[in-house]
């Protein structure tokens with residue numbers, strides 16, 4: 001099969017292939033989510049006072065943090081165990097455990113908000129609403145993972161469209177201030193949840209209680225993926241703070257914008273490797289799907305990187321003339337996406353193979369090497385040093401991964 005379809009018949013073949021079909025819907029879901037997010041904040045900035053926007057972003061960020069902490073790796077266990085276990089019990093266990101843990105985290109956050117974030121003290125006034133939106137967000141996310149595991153990513157895409165309903169709710173709630181922004185997002189979670197549960201039932205899945213056998217059997221896999229996920233996600237949160245403290249606010253803004261743009265490139269390998277994980281969990285031939293994933297990744301990534309090199313200055317100029325100075329950083333980060341792709345493929349392989357030690361090891365190496373080299377190279381090269389650190393980190397990992405995959409899947 002070629003990298004690009006050369007006829008309508010071959011295009012249809014691509015869209016029928018589970019790997020490419022799942023990947024297609026995951027990619028357009030990510031793009032639509034980013035698009036809705038951009039429009040949402042643009043409208044919020046136009047119709048709400050700046051102070052309300054600031055408080056709302058902090059509220060939403062805090063909820064995102066709690067969701068990340070409460071997943072406990074079950075989002076990955078759903079994909080890994082759906083093909084071989086009772087799907088209703090797997091999903092029911094994942095949702096029950098993570099909802100209870102998320103509820104505990106949410107209550108603790110609200111109770112101690114004056115210590116951790118005094119600026120969000122008003123969350124105590126609508127604590128029940130905050131908890132309700134937190135739970136709706138969490139449950140909907142796990143149902144989305146179930147749709148991906150079922151190879152029904154079109155429903156995952158539909159969830160994204162339903163989240164877009166926040167655009168219709170945002171302006172009518174302007175009289176509520178920051179709560180209006182937060183509530184418009186939260187209500188979109190509830191709308192998506194209602195439709196998602198209906199689609200889930202149509203797919204033959206009924207939510208059950210906790211399956212202790214599955215909980216025990218999946219504990220090691222869930223815990224390993226939880227640790228790995230936190231290690232992988234942490235640098236994205238820490239690096240902007242590191243840049244701010246070392247290089248100042250202007251350089252931090254340039255890094256944030258450059259990273260936000262290049263994130264669209266990273267969506268390509270992460271979407272393909274999510275589908276690779278799904279197909280591997282269903283028992284499909286791993287070697288064939290690894291090679292198909294790599295072919296698909298680079299077929300999309302190469303023209304995307306070239307396009308960013310050509311139009312990057314124009315894109316940065318649209319955001320603001322001050323951000324054009326970050327063009328070189330955008331280019332360096334874009335180059336790192338090629339190496340990033342190999343590490344993502346390797347991580348997906350290890351998830352399929354239950355290689356938890358390798359999974360945690362590579363995540364820890366990325367965490368230490370990326371943050372450590374960013375700090376060291378920033379002192380010497382300024383903001384470009386962060387880009388060089390991305391290349392250094394993922395090129396180092398990529399070389400090892402390529403040699404490993406070449407021996408296993410090519411030679």
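Just so you know, glycine gets a Cβ as well, placed from its N, Cα and C.
Annotated transmembrane segment per TrEMBL: 24-47, 53-69, 90-116, 128-148, 155-175, 181-202, 223-244, 256-278, 290-311, 323-347, 359-381, 387-406, in sequence order.
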Counting only pairs at least 6 apart in sequence, do the transmembrane segment (24-47) and the transmembrane segment (256-278) share 3+ Cβ pairs under 8 Å?
yes
One stretch in 90-116, 128-148, 256-278, 359-381 has more Cβ pairs under 8 Å to the transmembrane segment (223-244) than the rest, namely 359-381
Do at least three CB pairs under 8 A connect the transmembrane segment (128-148) and the transmembrane segment (53-69), leaving out pairs fewer than 6 apart in sequence?
yes
Contact set, same chain, for the transmembrane segment (128-148): CB under 8 Å, 6 or more residues outside the stretch:
22, 26, 59, 63, 66-67, 70-71, 74-75, 78-79, 82, 87, 91, 94-95, 98-99, 102-103, 106-107, 110, 155-156, 159, 179, 182-183, 185-186, 189-190, 192-193, 196-197, 199-200, 205, 274, 278
Within-chain partners of the transmembrane segment (290-311) [C-beta distance under 8 Å, separation at least 6 from its ends]:
1, 3-4, 19-20, 23, 261-262, 264-265, 268-269, 272-273, 275-276, 330-331, 334-335, 337-338, 341, 345, 348-349, 405, 409
Is the transmembrane segment (181-202) packed against any residues at least 6 beyond its ends, judged by a Cβ distance under 8 Å, and which are they?
40, 44, 48, 52-53, 56, 59-60, 91, 129-130, 132-133, 136-137, 139-140, 143-144, 146-147, 155, 158-159, 162-166, 169-170, 173
Could you pull out which residues elsewhere in the chain have a CB under 8 Å from any CB of the transmembrane segment (90-116), counting only those six or more residues past its ends?
62, 66-67, 69-72, 74-75, 77-78, 81-82, 123-124, 127, 130-131, 134-135, 138-139, 142-143, 146, 200, 205-211, 214-215
